[in-house]
């Protein structure tokens, strides 16, 4: 196998990857218009079937820090809107990115409360407590590092339930704590629950294009337990009523999209029930319910959970809960993508530019893979040296395919040539290619990250298509500089158009990924020349002009 055939192998692998990606892509089902009933698992029913009351039953309060602006409804204390103040909705926009939303077009909320036998959140009738709060707006002042929002509710028996949201400067983890003051004569049995619910179908203003041909990032639910570190749960699976019902200690539940996530993390060491539910009307939910806690008469019980609502910043998410950083969609090669990102981030700490960091990591990766590249070219050179003998053998044996195969294998063995030697190193490199693909596409740090000149966003396609064209040119040079023994006219035509085909593919790829391939191709050209010089000294390569 020579370099020209390798290009064909790369193309086939690339197309296969894109077909597989399209097959695996989360295709959101269209909800039936007549569907209005809620469907839950038995274990999930305690929290999942609690609907949102009419807006007039509660009031909205605003909570603002340096990075978050939350809108909380005093009916139940649900977070109905979340703005990420340091992340613009679009490049060069003053409008912040909205993660949670409650509008007629789209619903995405973070719900929480106290359920159980004596909890104020009653699953039987969907009742939610109406909390009292002393003001409508809470703003973190300059120099203030923590902001607490206490909300109180007193039931008919005189028991007081205090729900407190605590936010810290620069943080996307929101602490939700509960104090249960039992003034009755009997023990109170309560459990915490946290639920995320979202419209399955995206309206146009929420569609980020994360499901186009060039890019597939997961949008849906996920959960983690000690036995299952990280498991995705598709919205269409929930829509089909194939619901999750798992009980385990610790863990978390989340809803994911490109670059951003929400997650409920129970603050207890007891057993939690994790569930998903189809709430009807095209709304999916994932949540947890903790095991009951008894608060004795005259005592105050303390419970709580943590909500992550923000960008997928891996080190901060890992500090909130084990394996929460796995929500960054690095695909099935996350174990390669994660260390690559850590290396990229370390390089960025010195250079301060993600584009130049991509260039440096490309040199590092290609340097590490150089022995494989050298082995690949050496094997291809040996195969080319055998072509005259193989041609003579085929002419001598005619149509006897069995003898051709036997004598060819004997020839390979005698000459110590592995016929797959040119392909095997290429196959080893494919996981690195895919891992880099996912790393560059799933890291929020590269969202709206500028490079230089006309590239203002490495996560978006080149607006002028200059980088894809440059990539095609470098691929053309690699093709022209590579010796070939291909004689089949069809293969020759395919290889001639290969740079054009790849250029078209890459027109819609994010510029950060295209930049990686340009630099990788340039490094390939340099390595190719270096390897050819060594092969010339061994008599395995000549500088004769390549046949067209």
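Residue positions begin at 1 at the first shown residue.
Yeah, the Cβs are placed from backbone N, Cα and C, and that goes for glycine too.
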Given ranges 399-419, 420-440, the stretch to which Swiss-Prot attaches the annotation transmembrane segment: 420-440
Of the residue ranges 329-349, 350-370, the one that Swiss-Prot records as transmembrane segment: 350-370
Sequence-remote partners of the transmembrane segment (458-478) [C-beta within less than 8 Å, at least six residues beyond its ends]: 3, 7, 91, 214, 354-355, 358, 440-441, 446-451, 498-500, 502-503, 506-512, 514-515, 517-518, 521-522, 524-525, 528
